[in-house]
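Heads up: the structure comes next, in structure tokens.
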């Protein structure tokens, strides 16, 4: 069915209030969109992370009288009479099909493919991870996830234990298992991430080799041959003493979620414990790898 879209521009601080106002005016759904295409990262549990300059978009039934909607919104203290907005008639589409059509199998390195479940696998002899895109966690489309997947693909993981620190969807741990690791351990602060990782591991037939923990539940003295952490530069610096002890002597470390401008400060936090490789950049992001002293 056709829809009518009303778009408002506001600050991140006011976005939730205007979302409520649009719903009260009859919107059937709300979308937050970055006005300037600035990166935004996965929020903490219970938090909605928004951009400084945010578009709030309300979707209305095609029969809605938008003059009435505008009149209601003009009474909102954040808007007022003559507030700036854009109303657009959307053509009738199969929105779910259009969304699905935007996602294709993606190759990382020489062997690894990440494939949506509704697509045919491009190479049945390759290492294929089946993972559907979702709202909350990584699927390989972000440069930092791509950098980590390419790195894992370049390693001989046969028989190795891998820790995915901040596992999100479990994509890195699952990829490691499919690439030959004997065991993977996923750690995340968000119970939803733990469940997402568990579901994705079952879909890929590796759940029997994946252990998942909240930080408070992880075993003491946990060690691995390979540790990968695709989180943010701030936590990587703050957690360096904890992350640095996870690899065995001679073990490998891979860090991402880091802007290229932040690489030097993250390297400094790990330089005493690791022989670091040259930083690898992709777009404005980078990956730091090294071997435990």
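Every residue number used here counts from 1 along the chain in the order it is shown.
Backbone N, Cα and C atoms are what each Cβ position is placed from, and that goes for glycine too.
These come from Swiss-Prot:
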BINDING   145, 166, 188, 230  S-adenosyl-L-methionine binding site
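On the structure: features taken from Swiss-Prot.
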{"residue": "145", "record": "S-adenosyl-L-methionine binding site", "Cβ neighbours (10 Å)": "25"}
{"residue": "166", "record": "S-adenosyl-L-methionine binding site", "Cβ neighbours (10 Å)": "24"}
{"residue": "188", "record": "S-adenosyl-L-methionine binding site", "Cβ neighbours (10 Å)": "25"}
{"residue": "230", "record": "S-adenosyl-L-methionine binding site", "Cβ neighbours (10 Å)": "26"}
Three states by DSSP: which one describes residue 145 (S-adenosyl-L-methionine binding site)?
-> helix
Among 145, 166, 188, 230, the record's S-adenosyl-L-methionine-binding residues, the widest C-alpha separation in angstrom comes to 16
